[in-house]
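**Q** Mind looking over this structure? Questions follow.
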């Protein structure tokens, strides 16, 4: 198991269109495990393979309180079941510390396969429906800030840059404080 680096907005790789998974191989299963571990470590509820620079149609999510019920959707297809859209406040691991309302259908049908090749065909609503649509957007090169005004997109980009600089400095400070090995 390994933590994977998460791409940050506005990295152009986030705009790449994911290709379908032809077969659930051992490598795909390892990627799934690593994505779930990465999602938990980053305290997220969903992660698309595109966000970790693997441009295949694969998403993982876990909306459970105890973070013990991960779901895997391979080659997901979503169909809205209602015309009306509802606003939900969304955030994204690729757009750290930025949250804003996005309107999406509250009820959808999700068709996919799981990590064992079993078919998934479910009607879902609420946060699960929103999360699935958000992650599928990533597979299509769409980021939630694309739904926002130009001004909010610019603010999001600036905020992400600041957050990443702060994290980089904190990482350097942590590295400086770690004990250095003694010369023998």
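Using N, Cα and C of the backbone, Cβ positions are placed for all residues, glycine too.
Pulled the feature table from Swiss-Prot, pasting it below:
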BINDING   92, 134, 138  Fe cation binding site
ACT_SITE  135  active site
**Q** If you draw a 10 Å sphere around the Cβ of residue 134 (Fe cation binding site), how many other Cβ atoms fall inside it, taking every protein chain shown into account?
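**A** Step by step: centre on the Cβ of residue 134 (Fe cation binding site), count other Cβ atoms within 10 Å, giving 23.
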**Q** When DSSP states are folded down to helix, strand and coil, where does the residue listed as 'active site' land?
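**A** In the DSSP reduction, the residue listed as 'active site' maps to helix.
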**Q** Using DSSP with the three-state reduction, classify residue 92 (Fe cation binding site) as helix, strand or coil.
**A** strand
**Q** For the Fe cation site (92, 134, 138), what does the 8 A shell look like? I mean other same-chain residues with CB within 8 A of the CB centroid.
**A** 46, 48, 51, 90, 93, 94, 135, 137, 143, 144
**Q** Could you tally the C-beta atoms, other than its own, that fall within 10 angstroms of the C-beta of residue 138 (Fe cation binding site)?
**A** 26
